[in-house]
Amino acid sequence: MTTSRCSHLPEVLPDCTGSAAPVVKTVEDCGSLVNGQPQYVMQVSAKDGQLLSTVVRTLATQSPFNDRPMCRICHEGSSQEDLLSPCECTGTLGTIHRSCLEHWLSSSNTSYCELCHFRFAVERKPRPLVEWLRNPGPQHEKRTLFGDMVCFLFITPLATISGWLCLRGAVDHLHFSSRLEAVGLIALTVALFTIYLFWTLVSFRYHCRLYNEWRRTNQRVILLIPKSVNIPSNQQSLLGLHSAKRNSKETIV
C-alpha cells in the first residue's frame, strides 16, 4: 500500500482486452470529509501503469459496518440484491451484483472479467425484433428506417396500380392494332417494376445488416453460476470487520 494526496472521482471499470498482468493497489487520501469521516481513494492498476479501477471510500473509524462488501460496479451493498463472487478477483473488487455483471457483459459484448480475465459461463439470448423496431440505434438509423417504411407503404400500392394500368392500356392497344404503343407500355411496366424491386431489395438488405449487427451486440446475458458463489450475510459481516481492522492500520497522509 502507498499513500499520497489525490483528487479522483469514482469511475466504472474499463474494458481491458490485453493480457492478464499483476495488479497494484494504492490507497490515496482525498483530503475531504463525509459525515465527519475522512475519505480515501483505492486505485487498482496493472503492472504497466494502466488504471483499471478507482473507488472512493470512506474510512471506517466509528462503525465496522461502514466498510462492508460492495458491488464494484454500482458501489452499493447487499441490501437490495445479494453480492456474488463469480471470478478470481479478491478484496473489494471481488464482489458484484448479478444484475450489474449481466448488464456490463451485455454492454461490453464480452464474457470475461476485465481484471483477472476469468471467463464466465453465460447464456446469450437475442432480443426480439419489436424492440429493434422501437429503438434501432442512432438517430440517423431511426430516420432511415422510418423513411424507408413510409416509402415502401406509399410506393408499393402506387407501383401496383401503375403497372396494372400500363398492362391494361397495352391490351387495349393490341385490340386496336397499335403494337408500338402496346410495346411501349409493356416496356414501361417492366422498367417500373425493375426499379421498384431493386430499391426494395437494396433497402431490405441494408436494414437486415443493421438488424443482425444490433442483434449480435445487444443480446440479453444470463449468468450461469452456482448458488455457492453467493456471499452469506454473516460472512459479509466478518468481511466488514476484517476490512475495518485493516483500514485502521492504514496511514492517511
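Even glycines carry a Cβ here, placed using N, Cα and C.
Positions annotated as Zn(2+) 1 binding site by Swiss-Prot, on the basis of sequence analysis: C71, C74, H97, C100. For C71 (Zn(2+) 1 binding site), the same-chain residues lying six or more positions away in sequence with a CB closer than 8 A to its CB are G77, L83, T95, I96, H97, C100.
The Cβ of C113 (Zn(2+) 2 binding site) has C87, E88, C89, R119, F120 as same-chain neighbours under 8 Å, each 6 or more residues away in sequence. DSSP classifies C113 (Zn(2+) 2 binding site) as coil under the three-state reduction. Per Swiss-Prot, Zn(2+) 2 binding site is recorded for C87, C89, C113, C116, and the stated evidence type is sequence analysis.
Taken from Swiss-Prot, the feature transmembrane segment applies to 145-165 (among others).
Sequence annotations record features per position, and here Swiss-Prot assigns transmembrane segment to 182-202 (among others) based on sequence analysis.
Per Swiss-Prot, the feature phosphoserine maps to S237 (among others).
Per Swiss-Prot, phosphoserine is recorded for S243 (among others).
C74 (Zn(2+) 1 binding site) sits 19 Å from C116 (Zn(2+) 2 binding site), taking the CA atoms of both as reference points.
Secondary structure from DSSP puts C100 (Zn(2+) 1 binding site) in a helix.
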